[in-house]
Amino acid sequence: MSTKRDYYEVLGISKGAEAQEIKKAYRKLAMKYHPDRNPGDKEAEEKFKEINEAYEVLSDDTKRKTYDQFGHDGLNGQGGFGGQGGFGGQGFGGFEDMFGDIFGDMFGGSFGGGRARRRGPQRGADIRQSVTISFEEAAFGKKMSIKVNRSEECEECNGTGAKPGTSKKTCSTCNGTGQVRTVQRTPFGNIASSRPCSACNGTGEVIESPCSKCHGTGNTRKVKTIEVDIPAGIDDGQMIKLSGQGEVGEKGAPRGDLYIVVNVKSHPLFTRDGNDIYFEMPITFVQATLGDEIEVPTLDGKVKYSVPEGTQTGTVFRLKEKGIPRIRGNSRGDQYVKVVVEIPKKLNDKQKELLREFAKECGSNVHEKKKTFGQKIEDMFKKK
């Protein structure tokens, strides 16, 4: 019987684990026990070997099936650890594929060899800019011009960065590859890694005589006026994307994009919820009691609305298609009008008397408020 630990136990996974789960567990443990992170720790080194052995078997469907049926003994002669290639008979290439992104961080560049390539022209960066518009402009749209400070191709050197009459040279440090290779000793032998060449910034070319206008960058800053079409129905905080209006790209690479963030001012009368708007309409208690035809403000101007008699405060009525236009489609939201019945704070004697008569007609006894001493004195002087 084999004395090796169960491979599933080594990786801390169940026997029914999917391939992605196996890979995730392996990467986590390998990062933890890697010898470069545990220098001089023999136990960590052995653990690391055990983890790789387990993964080498469980990541291979054929070997995993054999292992599940016959255990460790069933793998004898199949090129497991100690077989050809050093690591599971796959050579170092498979190990590199698995750990390229991990060891790339450890060694400061690409892991392995033969994959380094010079950096290609980079797309321009995106620009983010804000505009502020009114509530009505958000509702019905607006065409506007904005000024954007962005990079433009240098007119002096046509974007090359080199002084007119000169050209870029092949980088002597990396011989035009854009990458510098290094070899480091590890417990597993020499490992080649590559990193972007610092002399040419990974481009493979250097400028010996920089352009005096752009100082070798190939671009200059300019303020550009751009026309923006604000669509009807846009809401506060939404963005408009203008493709190809961002920073200039390198060596003819595409420009970045311009993102316009729209800020919408609040309205003194209306509030917005989606494509609907809300408005509170004050009316007198007489209008509420007897009913009346009133004029209601809308985004399109005032419209007439008949308030039915007996309308209570808090009553909400709807004006169809008087809200915000929908960005996609030809329809609009609605306007909801909430009635607020205003009660007068001061009434003259005649108005009070009329209300008392009204109360009597309704069978409601309204007790007259007792006058204060000061009010009685005031009434005495009025009689004189």
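Our numbering is plain: 1 for the first residue shown, then up by one each step along the chain.
From the backbone N, Cα and C atoms, a Cβ is placed for every residue, glycine too.
Among the features that Swiss-Prot reports, domain 'J' is placed at 6-71. Annotated zinc finger per Swiss-Prot: 141-223, in sequence order. Feature annotation from Swiss-Prot assigns repeat 'CXXCXGXG motif' to 154-161, 171-178, 197-204, 211-218. Annotation comment: Swiss-Prot describes C154, C157, C211, C214 as Zn(2+) 1 binding site, evidence class sequence analysis.
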(message) I'm checking region-level scores; what's the whole-number mean pLDDT for the repeat 'CXXCXGXG motif' (197-204)?
(response) 84
(message) Around the Zn(2+) 1 site formed by C154, C157, C211, C214, which additional residues qualify by having Cβ within 8 Å of the site's Cβ center?
(response) E155, E156, N158, G159, T160, G161, A162, P210, S212, K213, H215, G216, T217, G218, N219, T220
(message) Can you break down the repeat 'CXXCXGXG motif' (211-218) into helix, strand and coil residue counts using DSSP?
(response) 0 helix, 0 strand, 8 coil
(request) Would you mind listing, in sequence order, the residues at least six apart from C214 (Zn(2+) 1 binding site) in the same chain with a Cβ closer than 8 Å to its Cβ? (result) C154, E156, C157, G161, T220
(request) Helix, strand, coil: count each for the residues of the domain 'J' (6-71), based on DSSP. (result) 50 helix, 0 strand, 16 coil
(request) Give the sequence-ordered list of residues that share a chain with C211 (Zn(2+) 1 binding site), lie 6 or more positions from it, and have CB atoms under 8 Å from its CB. (result) C154, E156, C157, T160, G161, A162, K163, P164, G218
